[in-house]
Amino acid sequence: MSSRPVFLSAADVQDHLRSSSLLIAPLETALANFSSGPDGGVVQPVRTVVPVAKHRGFLGVMPAYSAAEDALTTKLVTFYEDHSATSTVPSHQATVLLFQPSNGSLLAVMDGNVITAKRTAAVSAIATKFLKPPNSEVLCILGAGVQAYSHYEVFTEQFFFKEVRIWNRTKENAEKFVNTVPGEVRICSSVQEAVTGADVIITVTMATEPILFGEWVKPGAHINAIGASRPDWRELDDELMKQAVLYVDSQEAALKESGDVLLSGAEIFAELGEVVKGVKPAHCEKTTVFKSLGMAVEDMVAAKLVYDSWSSGK
């Protein structure tokens, strides 16, 4: 009989995954393996989404297996767009299940919110390492939610920017962000003000219509587009999507789930894993967009790191 699975809370996960920077090296390997097809040993179907139309939400199921890691996980994630700003329940909630791949036994049930925030930010940092213009000085973050914090953390660890700007739909949340994070961040009153002249832009909003327009973006800038994870949602306008060199985490997922890609008709140039492998170039001299939908193999890497760390210290 298998032993009882361990439960790792958000605090436990945070203890064993203190920085997104810990994920960068293993995630680069996982991205390269994913983009290697069957030879990479990653089995990852596109996420299954169950709409909950009555309550304006959905449930997503994201399984993955990696032969290189010999790890098997699935993440259950919910998103409810009408949550109140004063609600104690976040708009996104996630739980990750880690299995023993040799026999299917459940090893751990762990909070997935910290994992999602940190692995997403780490992948954005990987994309930025390859795609940002040389001598980037200005970082702009659009949005002030959980992902804004995790991105700020890893970006200020991995890169040096002379100026960091933030814009958020509600100024109060931008002020909270500025008063919470270390370092100096300038609040901007409009998206246009925030992005003008920025070298690296991160969009982590709940927008369903474009908020970032190509005419505002500095030629050669790099954009990490994190929000708009449904086929009818967008953060970026047609002009930006079509003028930029477009990179994605998964081409299959982007062509099924990304409104930014589908509604603009933009052509995907490469998966990020292909750039990591060196089989596709990083056009850092051009305007680039990395459209991140998030992948189950990323959750798997983070969950295994957390579980291995917990196991070694128990």
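Backbone N, Cα and C atoms are what each Cβ position is placed from, and that goes for glycine too.
Annotation comment: Swiss-Prot describes Arg47, Glu257 as 3,3',5-triiodo-L-thyronine binding site, evidence class similarity to another entry. As annotated by Swiss-Prot, NADPH binding site applies to Ser91, His92, Arg119, Ala144, Val146, Gln147, Asn168, Arg169, Thr170, Asn173, Thr205, Met206, Ser292.
Cα spacing between Arg47 (3,3',5-triiodo-L-thyronine binding site) and Val146 (NADPH binding site): 22 Å, rounded to the nearest whole number. Glu257 (3,3',5-triiodo-L-thyronine binding site) is 22 Å away from Val146 (NADPH binding site) when you measure Cα to Cα. The two recorded residues Thr205 (NADPH binding site) and Glu257 (3,3',5-triiodo-L-thyronine binding site) have their Cα atoms spaced 16 Å from each other. Glu257 (3,3',5-triiodo-L-thyronine binding site) sits 24 Å from Asn168 (NADPH binding site), taking the Cα positions as reference. For the binding site of NADPH, formed by Ser91, His92, Arg119, Ala144, Val146, Gln147, Asn168, Arg169, Thr170, Asn173, Thr205, Met206, Ser292 according to the record, the largest Cα to Cα distance is 26 Å, rounded to a whole number. Ranking the binding-site residues Ser91, Thr170, Ser292 by how many Cβ atoms sit within 10 Å of each one's Cβ puts Ser292 at the top. Ranked by Cβ neighbours within 10 A across all protein chains shown, the binding-site residues Arg47, Arg119 are led by Arg119. Reduced to three states, the DSSP call for Ser91 (NADPH binding site) is coil. In sequence order, Leu142, Gly143, Ala144, Ala148, Ala174, Phe177 are the residues of the chain that are 6 or more apart from Asn168 (NADPH binding site) and have a CB within less than 8 Å of its CB.
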